[in-house]
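Peer 1: Before we start, here is the structure in question, set down as structure tokens.
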Amino acid sequence: MAAAFIFSIFLQALLYAICSGETCSDNWSTETTKYTILKFKEDAYLHVSCRYPNFKVDGNVKVIKCINGQLPTIIPQCILLKESCRHLKAPTYGSMKCSSTAPEVGSSCTFECQNSHYLRGSSTRTCSDYLRWTGSEARCYLKPECSEPPPLIQGTVTGCSPERKPRYNDTCHFRCNEGYQLSGPTHLICRRDGRLTDEKGHQRFPRCLKKFPANPGPADKDILPATPGPSEKEILPVNPGPAVNLGGEDFQSTPHPDIPTYGPSCQVRNGHCSHQCHQEPNGVRCSCNRGYELSQDGRTCIDIDECRDVDLNNCDHICRNRPGGYDCLCREGHISPDGFRCTDIDECLDDNLNKCEHICQNTIGGYNCSCRAGYVSTNGFRCEGCRMNSYQTKFDTVCRDCPAHSHTDGEAKTSMNDCICNLGFNGNPGQRIPCKDIDECADGKNFGCSHGCVNTPGSAHCTCPLGYQLKDDGKTCTDYSATEIENKIITHDPIFIFFPITVDIDECSIKNGGCDGICHNTVGNFTCSCPEGYVDSPNDRYSCDDLDECMEGNGGCSDKCVNFKGGFHCFCSEGYHLHPDGKSCIPINCPRPSVPQHSTLRCKKSATSSKVIFRPREMPEDEEFPVGAICRVKCNKGYDLRDTHSEIVCQNNGKWNAVLSECQVLKCPPLSPPSNGDVYPPSCKKDYSAVKQKCVFTCLPGYRITGQEVLTCRNNLTWSKKKPTRCVPETEVSISCPDDDITIELTSDESWAEIRLNSPRTPQAAGPIRISPPWVSLDQVSPFPAGETEVTFSVSGDNKTAECSISVIVLDTHPPIFHNCPNNLFVTSSVSGTAVVWEEPVAEDNVGVASVSKSLEPNSTLSPGIHFVEYIARDFAGNIGQCIFYINVTSGVCKDLADPENGEANCQEWMFGKICQPTCFDNYTRDPELFACDESGTWTPADFITPCLAECSADEIRDPEHNECVKIF
């Protein structure tokens, strides 16, 4: 009872100490709770707050007034609100199914949308150990509606009609009647952007063409049929070229039905076609295999580089062109289910794909490993349990030491509650009651000692007064006379002496002798020593102080060294994690971001690095993005951001802070069909059309198109319309341009493009075709300069004139190149600065340099510091080339001058550097020169001090030639 009463008094005193005095003046924290002292007027208040979400202050008492500098009540702490994630909601126009009613750790929810909507976000989300849902919010978006395709003459369309417009993922199928063959795709799919496209994403509408006999024309003679006209001398052969190019190979070579085709038979040299030759009633028509297109001569087939235009390939990640087609590849961490799309591989589902020892979390293109509570990561994959006498909660990233004089009964502990007071100490670390030494001598029983009692940290031992010795029980003292003494006779001739033998007591057997570390028993005494990681305390003979290994060579750590009792641990700064060697730090990188279609991604990997630009599917496989890297997406012309996430930042956990926004297409206004005509697809006249959308004008029977037949929605959201499109009676003079606008890209060594234009379509009775500008010719290659050239064709007849126009766009995408761009310069300067000269670089461009600007002129006076010099050259196409280098101007360092022989240098700092006033030892002398060094690091008059020479006697003078004293005679 007495012991219990004493412990009760001790506990009350301990609580009183915690809640008073120093507590009301100092801030402190526990593993879940933060305590802050607030001063208001003359009073002090304790503010209690929680360190982590999903915790609350027990009892909701958050502010406690200190009374007389003490807190009279037990201090509240933060407790976990619940062991579950927040409740999720089903998406609008969708449903949600969860594996359990309460969203506990490990439970999951799946999401689906109604048939009229499609899902964006995560279809499945799981409640993680950190009480957060994986994945992103699921949302249901209305499936877009596509316009119905134009009527299929001599054919049928199934799956969509004016009465049933196709929606997202619906398919329209096309089939021709007997005697006709399908030219174009067999089916089109309604896409998310509201367009009907084929499997490659191309919007092209099929047609049904009449099947012809294999050889209806001339059989074996390479002849040109006579051309009807005014005379034989006015024969104007016509190369019809492509009629309407909507992306299909057959459209490239289909002649206008009213214009005769001139040419040989397919049986003679294959009609001069490099691929397929089709015999027509009036000659031949060439077409190309899939993946090729006709060149300007209408006969030669050249490979289409589908990878150069995102509208020509369906690759999600990487596109590689090959003759007649292309291949799609996926970046690391992805797999392709259909040869086009790339889906993320969930490495966490296959133990052979991830190296995580504990918890695996899948990410886009990779995965992250984490450890369970009580464990820390050693190399990003493996987990190591917290050492003895430490713990780690799931809210911590490092192992924390148990409070003083406490320990754990094993490794990998997860709470301060696992810390137990050492033997001989009393307290409760889990309840924030520190472990205090128990004074066993003050327990009212004197520790059971019959005489003296000495308290030691964690223990005590009994002592005896002079003339007494301690019995084997370690408690009782007895007089020598009452002790059984073994007498040993020692012969000392000639006298016999009787000597009493004292029995040694093993003090280490009683509570380790009170030693913190290792107790060593000796005869008549004992000593304490400390284990590895500790040193003897200077305060007493029992205690051990921790050895701070970080004080010597930073513990071998390449970055931060954190000492703990009995050892140390290496840590890394933000943006780095620990190497498997436990000492080196290696950078944390975020996974390579995916560049959105129709955009460029501009990234800066650090504050001092240059900006790097990436395009879709062109980012190198080994590209790294360290912590702090910033990437911004810029949409191409004709596109705009779908939402506001135009910038992402690489965070300390190796993850991006957001997902980049996609670039959505901008649109052109609706078109008005001409009188006696129409426009296809019908969406061209009803809705806004996307950039690169093609619209085709048609005329009623008995009318013919004049002007522009095909219009394209341009990047500037205007239609490529040069001349008005009209439907005129077939008897009128008319002209139809041969092609849509032509776009060609120059190579780096080309200043212009050589292009052969096809002839426009005119009635046979029409006069000669006139062309503007006059340097353009139809019968030979014409050189077109960089930029846009409008070519107008006109024809006259019956006192009437008709004309049409096309644009030839020659793209120059190659920036100017600088020759002899200087390397970085390193210059030593004075405080007032120095003039720096360099040889200026020269800019060159394939089209021509329009202007060159520079940020700094040569021979500029520069002060100490780093000065960036940037030359910018622009060509006439607006491309920009750069030459960037920097000049590092540093102040000079004055090296120390050595003492002269037989003297001293006597140097000291001064306002511009250093100054030396040499002196000589007794009987030595030298010229009294002053040596000075300025901020450039240059010594004047020299960078060495001449030696001190022996003084000459009164009857001697110094010989300057031999530098010695000579007698005067």
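Including glycine, each Cβ sits where the backbone N, Cα and C put it.
Whatever TrEMBL says is automated annotation, not expert-curated.
Small disclaimer: the values here were computed from a predicted structure and weren't measured.
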Peer 1: Just choose from Cys113, Cys127, Cys160 the cysteine that TrEMBL connects to Cys140 via a disulfide.
Peer 2: Cys113
Peer 1: Look over the recorded stretches 83-142, 144-210, 437-478, 588-665, 811-891 and say which has the most C-beta pairs under 8 A to the domain 'EGF-like' (344-384).
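Peer 2: When the Cβ pairs under 8 Å are tallied, 588-665 comes out ahead.
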Peer 1: Could you give me three numbers for the domain 'Sushi' (83-142), the DSSP helix, strand and coil residue counts?
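Peer 2: Counting residues by DSSP class gives 0 helix, 26 strand, 34 coil.
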Peer 1: Please count the residues of the domain 'EGF-like' (437-478) that DSSP assigns to helix (H, G, I), strand (E, B) and coil.
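Peer 2: Reading the DSSP string over the domain 'EGF-like' (437-478) gives 6 helix, 16 strand, 20 coil.
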Peer 1: Near Cys113 (disulfide bond), which residues of its chain come within a Cβ-Cβ distance under 8 Å, counting only those 6 or more away in sequence?
Peer 2: Pro91, Tyr93, Gly94, Leu119, Cys140
Peer 1: Going by DSSP assignments with H, G and I as helix and E and B as strand, what are the residue counts for the domain 'HYR' (811-891)?
Peer 2: 0 helix, 47 strand, 34 coil
